[in-house]
Amino acid sequence: MRFWALTVLSLLLSLLLGVSSDTPQCGKQAGNATCADDLCCSGDGYCGLTVAYCGPGCQSQCHNVSRFITESMFEEMLPNRNDDRCSAKGFYTYDAFIEATKAYPEFGMTGDDNTKKRELAAFFGQTSQETNGRWMIGEDAPFTWGYCYVNELNPKSDYCDPNTNSSYRCVPGKHYYGRGPIQLRWNHNYGRCGYALARRLLNQPEMLATDPVLSFKAALWFWMTPHSTGAPSCHEVITGEWSPSEADIEAGRNPGFGLLTNIITNGSECTKDKETWEQNRIGYYLRYCDMLEVDPGDNLDCDNQEPFEDNGLLKMVGTM
C-alpha cells in the first residue's frame, strides 16, 4: 500500500513540475497567447528577451528593439527626415527599420538593457551624421537633421576600384557611390553586402535607394560585420564583446563610440581638419543617449587613434 502511495505522490510531483517548468506559455503551443511585459515568444512557446526567444523562430513580439525604439521615439529622433528640403522624404520609415532588424537578431539585443540602448543610440548617431542634412539646409536645430538623404550628394567618383577582388568587379555603367543610412560605397562593399543579403547589389546598386528595408539591412550588415583582419565589428565594440590587444592599446584604439568613428571612416575623421564631422557624430549620439536615458560611456572621440591596418572593405569607405 505504501508503494502505491509513493507512486501516486511521485506522479503528482511530476505533473506539478511539468506545469511549472515545461508547459508552454505562448504562441501556437498555448492557444496563440502572447507574453506579458512585451516579452518575445520563442518558437517553442516560451517567454524571454534573449536572442533564443526573440531571434529566428520567434512567434510574436519578436522585435526587441521596439521596446526602446518605439515609433514615436523614431519620429522624435529623426523629426526632419521628411522635410520638403530632404531628398529622402518618405523613404526612411519605422516599419522598414523594424523589418530590417529581423535579419540581424543580435542587433540591439545583446547584453543588459543599458548595453542595448547604447548600441541603438550609437547606430543612429553614426548613421544620422552619414545622412546629415543640416549643413546643406543651414537650420540652427542641431542634431535633428539625420536621414535627410538617401543618395550621396555630389559623388566624387563612381567608386569603382578595378583592382578589387575579381568576385566583386564593377559592372559596366553602374556607380557605387554612397547610398542608404550608412552611405555604403565602393564595389567591394556592394559585392560583399549583396552576397551576405542574397541580393545582386553589384548589378543593381540602386536597390539601396529604392528599397528602404534593404537599405536598412545594408546598414546593419556593415554594422554587424568585421571588415578587416584583427578589427572588430561596430556591434562588438559598442556591446563590450571586444577587448583591445596590446597593439590596439598602443595605437590608442580603446572601446567606445570614438572607435566606431575610426572604423567607419578608416580614421579619416580622427584628425583636426575633420574634427567638426567627428563632433557631429558625438552630438547626435549624446542626444540619442539622453532620449534613451543611457550613459554614453567613455572614449567618445577618436582623436589620436590609428586606423586598423589592412582595412579590407573600410579602406575604401569615404565619409560625409
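Heads up, the Cβ atoms here are built off N, Cα and C, so glycines get one too.
According to DSSP, Glu130 (active site, proton donor) is assigned to a helical segment. According to TrEMBL, the active site, proton donor annotation covers Glu130.
Summarising the annotation, TrEMBL assigns disulfide bond to Cys26-Cys41 (among others). Under the three-state DSSP scheme, Cys41 (disulfide bond) falls in the strand class.
For the recorded site, Cys35 (disulfide bond), the DSSP three-state label reads coil. Same-chain residues at least 6 positions away in sequence with a Cβ under 8 Å from that of Cys35 (disulfide bond) are, in sequence order, Gln25, Cys26, Cys41, Cys47, Ser60, Gln61. Annotation source TrEMBL lists disulfide bond at Cys35-Cys47 (among others).
Feature annotation from TrEMBL assigns disulfide bond to Cys40-Cys54 (among others). Residue environment of Cys54 (disulfide bond) contains 26 other Cβ atoms, counted within 10 Å of its Cβ in all protein chains.
According to TrEMBL, the feature disulfide bond maps to Cys58-Cys62 (among others). Cβ neighbours of Cys62 (disulfide bond) (same chain, under 8 Å, six or more residues apart in sequence): Cys40, Cys41, Cys54, Gly55, Lys102.
Within 10 Å of the C-beta of Cys86 (disulfide bond) we count 23 further C-beta atoms, all protein chains included. Residues or ranges marked as disulfide bond by TrEMBL: Cys86-Cys148 (among others).
For the recorded site, Cys170 (disulfide bond), the DSSP three-state label reads coil. Residue density at Cys170 (disulfide bond): 21 other Cβ atoms are found within 10 A of its Cβ, drawing on all protein chains shown. According to TrEMBL, the disulfide bond annotation covers Cys160-Cys170 (among others).
There are 22 other CB atoms within 10 A of the CB of Cys270 (disulfide bond), with all protein chains counted. The disulfide bond feature in TrEMBL is assigned to Cys270-Cys302 (among others).
According to TrEMBL, the feature domain 'Chitin-binding type-1' maps to 23-64. If you take every residue in the domain 'Chitin-binding type-1' (23-64) and average the pLDDT, you get 88.
Annotated signal peptide per TrEMBL: 1-21, in sequence order.
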Quick note, Cys58 (disulfide bond) and Glu130 (active site, proton donor): C-alpha atoms separated, nearest Å, by 32
Check the Cα-Cα distances from Cys170 (disulfide bond) to the recorded positions Cys86, Glu130, Cys148, Cys270, Cys302 and tell me which is shortest. Glu130
Translate the DSSP assignment of Cys54 (disulfide bond) into the three-state scheme. helix
